[in-house]
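As written in TrEMBL, here are the features:
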DOMAIN    29-144  domain 'Co-chaperone DjlA N-terminal'
């Protein structure tokens, strides 16, 4: 697993490949991708709309190509399958993200959850738990939920 992650970053995110230097940002990208993937998988039905939104969110968040985004999500899926909790991901994000960046991340999680026009209670539970672990105020958790929900129509 570690070798796959290293290969991805060596191939796509090394200096000269896309202008991104090797730094903790790479680990943060993987951590964020795992959390996004977790929400998409939390209702046990990853619909095409969720997959498309997930890919688009990763691309836009990290300025990656289609191929790089797909590979990062494949790594995120592997990492997700091997993880037993969220701590390794949320602690890294807490160390490097500002409150505003974490609020935006919660908004992205809601976009994934609502991308299939349905909110499953498991999706909401996962986002609530992640918001708590990221020290995002409950008011932000709720306001971003309603913001995304109201933009559906």
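Positions of Cβ are set from backbone N, Cα and C atoms, glycine also.
Unlike curated records, TrEMBL annotations are generated automatically.
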Confidence summary (mean pLDDT) of the domain 'Co-chaperone DjlA N-terminal' (29-144): 93
Secondary structure content, the domain 'Co-chaperone DjlA N-terminal' (29-144) (per DSSP, counts of residues): 91 helix, 0 strand, 25 coil
